[in-house]
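J.: Sharing the feature lines straight out of Swiss-Prot:
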{"type": "ACT_SITE", "residues": "Asp166", "note": "active site"}
{"type": "BINDING", "residues": "Glu91, Glu116, Asp143, Asp166", "note": "S-adenosyl-L-methionine binding site"}
{"type": "BINDING", "residues": "Lys170, Asp202, Thr237, Lys238, Phe239, Glu240", "note": "substrate binding site"}
{"type": "COMPBIAS", "residues": "14-29", "note": "compositional bias 'Low complexity'"}
{"type": "REGION", "residues": "1-36", "note": "region 'Disordered'"}
Amino acid sequence: MTFPSHNPPETGHPSAAPDEALPAAEAPVPGDPEARFSSRSIRSFVLRQGRMSVAQQRHLDETLPKVGIPYRVAPLDLDAAFGRAAPKIVEIGFGMGETTAKIAAALPDKDFLTIEVHGPGVGSLCKLIAEGVLDNVRIVQHDAVEVLRDMIPERALAGVHVFFPDPWHKKRHHKRRIIQPDFVALIASRLAPGAYLHCATDWEEYAQWMLEVLAAEPALENTADGYAPRPAYRPLTKFENRGLKLGHGVWDLVFRRRG
């Protein structure tokens, strides 16, 4: 099976496709730098030459060794990784980490295994972890599909978050979307019975795509009649607030693993 991969660093808006013109600061890194984070040929993340701040680099150097978990092809002992037994939630593609840090701070009784490839975003979340003294967040800087496939045991998770993934809005790029039948089946296999998968997007056509794909997965059931109200634990992003004021929509989908 082939899976597309997870979202690029900027969440909440469509990203430019790889073949579109981009500003110099956002141009794709020459060569194939994504190969460091994924062995798969179809990926939905594209590494950009983003600017790394001094603070982000410092926390990559100082904080990531404390909270980072290297990718490996071996099951991860999740309780050992966090030093306790607690519900484990995977967050796929956390952007710059603001939402992740807020959720983790609000839910200290849960542990969050977060996955992102973008260096400045990883550095930003590391900074927020250090500033907030968040003991319940760990980071894997790698392709989310490979992390779930190779490191997460079956029925081990209490939840999975996929917030504002790249919609890859051009039809020829739909194969790069992270929400695909095979990947949803993989996620479902990692959820414990009764655990949830929560997706959110501000791209209406992608919301419809997500709803169709999730509804077709036999191991999952919708918790709502179509789209779900935004759960209280998911804070509004700055981009989302601006969009709502302009009348733009945001769609949440919350599905539960059948027993």
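Note: Cβ is positioned from N, Cα and C throughout, glycine not excepted.
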J.: Cβ neighbours within 10 Å, counted over all protein chains: which one of the binding-site residues Lys170, Lys238 has the most?
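T.: Of the binding-site residues Lys170, Lys238, the highest Cβ count within 10 Å belongs to Lys170.
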J.: What kind of secondary structure is Lys238 (substrate binding site) part of, going by DSSP in three states?
T.: helix
J.: Between the binding-site residues Glu91, Glu116, Asp143, Asp202, whose Cβ has more other Cβ atoms within 10 Å than any of the rest?
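T.: By the 10 Å Cβ neighbour count, Glu116 comes out on top.
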J.: Ranked by the number of other Cβ atoms within 10 Å of their own Cβ, which of the recorded positions Asp166, Thr237 ranks first?
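T.: In terms of Cβ crowding, the pick is Asp166.
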J.: Can you tell me how far the Cα of Glu240 (substrate binding site) sits from the Cα of Glu91 (S-adenosyl-L-methionine binding site), in Å?
T.: 18
J.: Please give me the CB contact count at 10 A for Glu240 (substrate binding site), counting all chains in the structure.
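T.: A count of 22.
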